[in-house]
């Protein structure tokens, strides 16, 4: 018999929290009837300054099948949290989950940029990516290198050798679910190999917190600047001097306002 679910949750606290978060977001999306175009990321939205979508797209799922597949795979991949003796463990898991979310999203947009600008494939301008698949494929890849004897359990009954799981799953999802993001899954695999082979390394609590802070700052500023959400306490104004942006608090009655001066955004040169 397997371990009780409660014990499994205690052994995979980070994985359990992420699954809970993605499930709660899915429930909210269904309740509010939010479409993928409102939370997903595409090349077109990126060049319009909607950088916050890199984060919202990763944790959002539109269909219940998409959610169940990703969370089932993630639950199995949560074994990483138990492998502290191999240099993995919960801190490694949290640090590089952050890296996978950001870099895989940026890699997808970079690939779209090349396809659009170099190969004139305008179709990819509006392709919208949504879901946690990039991170799932990244962890599949890392485990296939670090712990090739591991089995990937899906839906509680399907078992795949982890050493072949990334590309097996890439082909399987592309055939079974034609609308699945091949480029997104492949980006997760590429970043996963970069982490597993040590090309991306050195993450610790300091860098993770610093990275999280910058993500939060860009998230809020892009929400404000793109007009997706109005933060009344923030004022963003352009300056004539093309120097680095300046940040300062302005007194306003009994409250303070954060004023940020930056250069105006111009067209597709951002990506």
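Here the Cβ of each residue, glycine as well, is placed from N, Cα and C on the backbone.
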Message: Of the ranges 17-41, 92-116, which one does TrEMBL flag as transmembrane segment?
response: 92-116
Task: Name the residue range among 182-200, 239-257 that TrEMBL annotates as transmembrane segment.
output: 182-200
The domain 'Peptidase S54 rhomboid' (49-200) [mean pLDDT, rounded to integer]: 92
Message: Please identify the stretch among 123-142, 154-175, 182-200, 206-223 with the greatest number of Cβ pairs below 8 Å relative to the transmembrane segment (92-116).
response: 182-200
Query: Mind checking which residues reach the transmembrane segment (206-223)? Cβ under 8 Å, same chain, six or more beyond either end.
result: 49-52, 55, 94-95, 98-99, 102, 229, 231, 234, 236, 260
Task: Count the CB pairs under 8 A between the transmembrane segment (58-80) and each of 123-142, 154-175, 182-200, then give me the winner.
output: 123-142
